[in-house]
């Protein structure tokens, strides 16, 4: 596509503008000869050359601008083009090679033929331009583009075979052509006048239009010259005695009967004519169908129309000139697109009509048909008939008055026919023509006599039907026998025809009277019958109109009546009801395909209608390939594709698109409609099957998943607590703790963090709130006001029970889950919770303690129902229940919640006894003095605990939680699964031994333990210990090193005090790691006094060292609180402290001689430096002003002090009293 400079590009071709060829103008102005195949040339531009090169793709040769025209006019280029696109004409030209000295003639003939082609098609101007580099890089692509472009071809028009023959004849006919011309010359007379061409043997030799019919067929039916002379003499001099008188118009020439071969030739000619028209209609319908589809494409993409650029150019030039003449606006700034769109819509219709006419014209030229849109079969029938006895056909020029004057005398009618000058004679071998003698008219009386000479031998059979008295001078000459035998042969070939014609005969007088009048009407009617589909079933009328030809229909070689119809049958003539009934009958008659409905079968049917799916077609094929690949791996594995939600959405989308196709009625083929309907049904069915199967499979999968539960997950991240635990161990001198001991301690600490309101509502009278552990570890900023404490022993026993139940459930998993699912329908009742989702139930379970009693009861009932209906769902919800690891795994979720509610009610209804509270309070606070008590304190505490143990056990056994667990005798389950070795000491023993070993120290410090518990705040549950039991919590330390009970006690006690932090501390793992590193750096000077694992840390920690103790690490400004403790006898150094004594808030400030205001966390022990972020008091003797960064705090200005101690210690009269410094050896000296 090339445009002149300044000429705009058609809309849609802005990015498709190619460079105009330099040689284009020279091609248009070249007149030295015809040019063909120029579109095969590519113009190549090199950067260093002024003139481009030209590469011919057809010949694979390269030339420059000076000799490219020589190449285009060469014999090789032209021959190659003809051989590629005009093969028929090329074969005709190759005949010249067989004759000697024909090389020059072949070149001339080729030039003349190329000239004809160029005159017909025009000169091609589509040259492609490219740079040399692009051509060398994309040579194959460009060559393919050139070959696939439009070329003049015999398929697009005439094949030029006739032109090639004409060129050869005009140039130099060869000897074979001359000999064939000589064979066509007739030796009897003047018949050579009608053969002007000489090389075509025409069938006109048997035509009755030529008066020398006998001469042209002398070779077929030889007649002696004497015979001809006798006939001429008889015709000229008079009539024989057996003949009727000659017509008055003149002398008739002799005619002979056609042979079967001649009749077969004329039948073949007619059949070929019909075949040509049938093929013409077929080809026309095919090409028009393609043209219609292209036109539909051009409606949406007009720029793809081949005439679009040229039409735009013409439109623009014409409109541009009009705007210039109008001078109303600037033509260069004018918007031509709106006018062009409307113009192109009309122009496209015109171009379609032009294309249709061109297709018709080309097909008629190809099949050598006439310009009329009708067959010439009837004309051929009239042309190739030899009329002898048939009166049916009379020319339209016959006088109607003479035809109506029919007389019985045969001779009276002869002048009428003689004056009409009929051009053909018809051979009538029928017996029925004798019934109409008045209307018979003949050229030759001899032929009439020959026809009537059959009557004497048939007299016995035909005497009833015709009279023999019409011609008294009948004679039997030599031709009668031959005529009769030939007539009998013709009659015997189609007996059915005569029977049909005899049945369909009308009265002779009526038909003869209307023959001349209705000739034109019957002729037009005959054409309509020829085109109609019912014509061949009603050929009796044709038999009545032309009897003389019907006898030779058995010689028809190519009969179009037995050919299949190429064009699509039109349904417009059929009523919609009839068509719909036929479709229903077809659907009912077709067998329905039986077989299992699978994903592969549905996708296979989808691939069959891929062309109607549009962009969804490739996706369907891709899914089919995946399904087949999965089927190869495992049978029926393709069904798993429907478990993917994206695949189900794709199938739903495909189904809706197919429904849209049916609704829009864009499909004409009823078979495709049935396929799409079936597809829609199958897609819906497999999606339903997948959904139904997915629900059943989900239950089975959940039941199987419960057989292998996930390992126990800790409630908090290990990285959150591990650095703080390691820091506490290092500060206390335990540098060689094994990995197993670390894991055991870490697991125990994290389990302690999991608390719940209902599980901790045991006793609110005494003890320390267990929620403070979260606060001190940085896991919770502020404790909830309504949180209650929890009994430590009950906590541990619940952990043991829960772990044991989990292991038992893993070993003995019930297999009755399907039965429970089936029995779900039998569970009645509804509380309105059936519509809740898993997310709603999760929220309710996590906030179970905030629900009212009625809501809790309803939720428990609903969970009981779910345990029967859907056990897997309840197991999935178990992880959302708080303290899920503190209950038995064999115990259902609803039973656990019910027990929690029962325990809470029992705790509220019956509080603990005062004696029990005092014991718990004493044991809870006794951990504070575990490392600083005197030698007499353990004996007092041990004797007190031993005296009170029976009562304590009796009271604990009467509690609801112990009543429920009394009958359970389950072995202890190891918390840590990493170590394979185990030890048999448990947490109960650890607590009891801590009380036995450290109780005397606290007793010696001051005060009785029993009396101290009277002043505790009621409602706070104490932390107590019980005897060792088989269900005790078991640890598994490393085999190499073992920690003694007292070491473990001191580690945990020191940890709880060391991990205390400011109110603003975030408790992040980063701070813990930083603290751990700092202690590692400063631990070397203190390592000399570090105790080993087998030594009691209290022995070394009992020595006083000035400035070596830690201040209160968790609660700034608590000096007043610590002063209150001495007045009430509740100093933490006066009681036997259990393991968790560090939770009380740190060491007593009165134990230190150089007590300063609380300043935060010491960088290292023993330096006497304390940073006071609150009051900024002067530093100690060995300190300095200027606080370093605190690794445990957030290093922001401190918040107001937070008082965590019980309120009954805050007496105003006791805040001014101070106690002598006392060293608390719990934190130890300088290590």
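Using N, Cα and C of the backbone, Cβ positions are placed for all residues, glycine too.
Swiss-Prot assigns the feature region 'Disordered' to one of the listed ranges (570-591, 592-613, 614-635), namely 570-591. Checking Swiss-Prot for region 'Disordered' across the ranges 110-159, 210-259, 260-309, 310-359 points to 210-259. Note on 103, 449, 532: Swiss-Prot annotates phosphoserine at 449; no matching annotation appears for the rest, which is not proof of its absence. In Swiss-Prot, the entry for phosphotyrosine among 549, 1158, 1184 corresponds to 549. Feature annotation (Swiss-Prot): of 886-917, 918-949, 950-981, the stretch labelled region 'Disordered' is 950-981.
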